[in-house]
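> Quick one: the structure is below, questions incoming.
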Amino acid sequence: MGGGNGQKSKMAREKNMEKQKAGAKGSQLESNKKAMTIQCKVCMQTFMCTTSEVKCREHAEAKHPKSDVYMCFPHLKKIDLTCLTSFLLSLTLLSFPSLFLFYFFLTSLFPSAMAPLSLFSLLLSFLLFLSPAISTNSEGNALHALRSRLSDPTNVLQSWDPTLVNPCTWFHVTCDSNNHVIRLDLGNSNISGILGPELGQLQHLQYLELYKNDIRGKIPKELGNLKDLVGMDLYGNKFEGEIPKSFAKLKSLRFLRLNNNKLTGSIPRELTTLLNLKVFDVSNNDLCGTIPVDGPFSMFSLLSFENNKHLNGPELKGLVPYDFGC
């Protein structure tokens, strides 16, 4: 009896397992069937997954003329990736945060049709790859703007072609391994003209060599934006006006030579905060006031300040104003 009952129980279990497998198979077939069909969300009519977009639109126009085609078939609401890519590329000129904002905006509008995140990641990687070229091209634009302000009778700047991807192949321009401009060597180049604010866009510049030319006008305050600047040689020109106070932001600056120009005004006390400054020369100008004595100025020779007829010697703190005589 016990053996007979055991055999019946075994047969019942096997029969039950066969039913479960059949049910699972039926469920899988049903899922596959659903995955291979397209359903009109208005009338619930189904179509094969291979049904063309044209056929879907014909159905919507014939059966539901008052409804938008996307109400019938939401999957047709997809983004033109070519246009999207072009638009994302244009946004790089603004900022990378704009890309993320734009992407999540599109995702909120079209959650089921938006390109997957992996595609966006690919686009973003591509844009990041392009970013050094975009950056150096902006530097090339800044240098070309400088060229337009200068007279160049000996064609020293002839190689400065703005149509190139970046200015790293131009003569007198040095770039680092990331194609960022780090040196501008135009000393004693027989050029004349004025400087403009665009030089402040050379964010990676370390050396600015413009000495012994015929450059006039004021020194742009935007040069104070060159945070990586180590050396600035503007001596032997015809610069006029005051020394920009913005130079106090150049915390990496070690060499500042402004001698033999036509500079006026007092020496900005803000420059005493440039603790890395090793060489400072403003001789042969028309500066006034007194000579700073704080910070690195305590080490500079008086020869660095000579031939400024209105400069009255080292500052006497508490006795006379630093700009005494200006």
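Positions of Cβ are set from backbone N, Cα and C atoms, glycine also.
Caution: TrEMBL annotation is automatic and unverified by curators.
Heads up, here are the entries from TrEMBL:
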REGION    1-30  region 'Disordered'
DOMAIN    3-36  domain 'Small EDRK-rich factor-like N-terminal'
COMPBIAS  11-21  compositional bias 'Basic and acidic residues'
DOMAIN    39-76  domain 'At2g23090-like zinc-binding'
TRANSMEM  81-106  transmembrane segment
TRANSMEM  112-130  transmembrane segment
DOMAIN    137-176  domain 'Leucine-rich repeat-containing N-terminal plant-type'
DOMAIN    185-284  domain 'Disease resistance R13L4/SHOC-2-like LRR'
> Counting each residue once, how many in the domain 'Leucine-rich repeat-containing N-terminal plant-type' (137-176) are helix, strand and coil under DSSP?
16 helix, 5 strand, 19 coil
> DSSP on the domain 'At2g23090-like zinc-binding' (39-76): how many residues come out helix, how many strand, how many coil?
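The composition, in the requested order, is 18 helix, 4 strand, 16 coil.
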> Going by DSSP assignments with H, G and I as helix and E and B as strand, what are the residue counts for the domain 'Disease resistance R13L4/SHOC-2-like LRR' (185-284)?
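Each residue of the domain 'Disease resistance R13L4/SHOC-2-like LRR' (185-284) counted once, the result is 20 helix, 29 strand, 51 coil.
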